[in-house]
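Novice: Have a look at the structure that comes next, please.
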Amino acid sequence: MAELYYDNQADLNRLKNKPIAIIGFGSQGHAHARNLADSGLDVRVGLYPGSKSWAKVEAAGLKVMTVAEAAREAQIVMILTPDIGQADLYREHIAPAMEPGKTLMFAHGFNIRFGQIIPPQGIDVSMVAPKAPGHRVREVFVQGGGVPALIAVEQDATGGAFEDALAYAKGLGCTRAGVLRTTFAEETETDLFGEQVVLCGGVSALVKAAFETLVEAGYQPEVAYFECMHELKLIVDLFYQGGLNYMRYSVSDTAEWGDYTAGPKIITDQTRAAMRQILADIQSGAFAEDWIDENHNGRPRFNAYRQADINHPIEQIGRELRRMMPFVNPREVKPGEGGA
């Protein structure tokens, strides 16, 4: 059974005299810094000199300094920058300040799990990973609630790594909802698997393949877009609220019957075998090695994949149709822009 922890099991006083450095001020960094500060903790934000976020930190009323300065001042250093780049950032600016007894924290285990960051033996290494985007972590906290989180300890040099991580989670508001204890390996491997097989890779490929099937059969691309992409949100929202059962309760009996009869034809034994191979590649480190090499080589395949999907007909049709629907709050990514 999962180990769950709540507010009454976490002691925020453990962190009252432990300065905290939040490295990065993106989605998660913004939420962590502001929530912890509002919880009465001593927070500073570490950024590169000249960072566009510098003024945002100052506007939020928080202390801001370089990454190296923040790491030197802090007892707890939470790295909240993108996975790729963390290792160099750590080696150049954080590692020199990681004296025995300090704590290095993460919100995702990629660089620890795959050996890109190897902390010294004398420090604690832990993880607090809220299961929501940063804006929601902040929004729910301000409303008096919290989002669930995962918590893990990779290295416990002081004997109090878990208790400090739990206190940190309380500072974020996460123990109001409940935090689940895991390991760096479990969090990293399941996170990558979910992204690749369902949330990003699986859903994107399914939507495109279904759209292409309808268009090739002579149906209007606009109708195919509505059926294969636009309406997906309606179903995902039902999943989010009440799981598969609530979705089936909410749709028509015809849709539910099609769910039962057609679904197994899409997810076949071959599909499940592919899922197992994807998981094996994650567990072995093959995926991480490929992704790290891709970045070292300038991302040629990554950029080609991205451009191909930008040019896919479903994207062209989608841009046109979303202009008809201002209520969906249409967002378009400019050329050259990308996520973390």
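Each Cβ is built from the backbone N, Cα and C atoms, and glycine gets one as well.
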Novice: Going by the NADP(+) site in Swiss-Prot, where Phe25, Gly26, Ser27, Gln28, Ser51, Ser53, Asp83, Ile84, Gly85, Gln86 are listed, which of the candidates Gly122, Gly134, Gly144, Gly145 is also part of it?
Specialist: Gly134
Novice: Which of Gly85, Gly134 has the fewest nearby Cβ atoms, counting only those within 10 Å, among these binding-site residues?
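Specialist: Least crowded of the binding-site residues Gly85, Gly134, by Cβ count within 10 Å, is Gly85.
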Novice: Are any of Ser27, Ser51, Asp83, Asp191, Glu195 (the binding-site residues) within 10 Å of His108 (active site) when you go C-alpha to C-alpha, and if so which?
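Specialist: Checking Cα-Cα distances against His108 (active site), the binding-site residues within 10 Å turn out to be Asp83, Asp191.
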Novice: Fewest other Cβ atoms within 10 Å: which of the binding-site residues Asp191, Glu231 wins that one? Let me know.
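Specialist: Lowest Cβ count within 10 Å among the binding-site residues (Asp191, Glu231) is Glu231.
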Novice: Specify the count of other C-beta atoms within 10 Å of the C-beta of Ser252 (substrate binding site).
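Specialist: Around the Cβ of Ser252 (substrate binding site), 9 other Cβ atoms lie within 10 Å.
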Novice: Pop the Cα-Cα gap between Asp83 (NADP(+) binding site) and Glu195 (Mg(2+) 1 binding site) into the table, whole Å please.
Specialist: 14
Novice: Specify the count of other C-beta atoms within 10 Å of the C-beta of Ser27 (NADP(+) binding site).
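Specialist: The answer is 17 other Cβ atoms.
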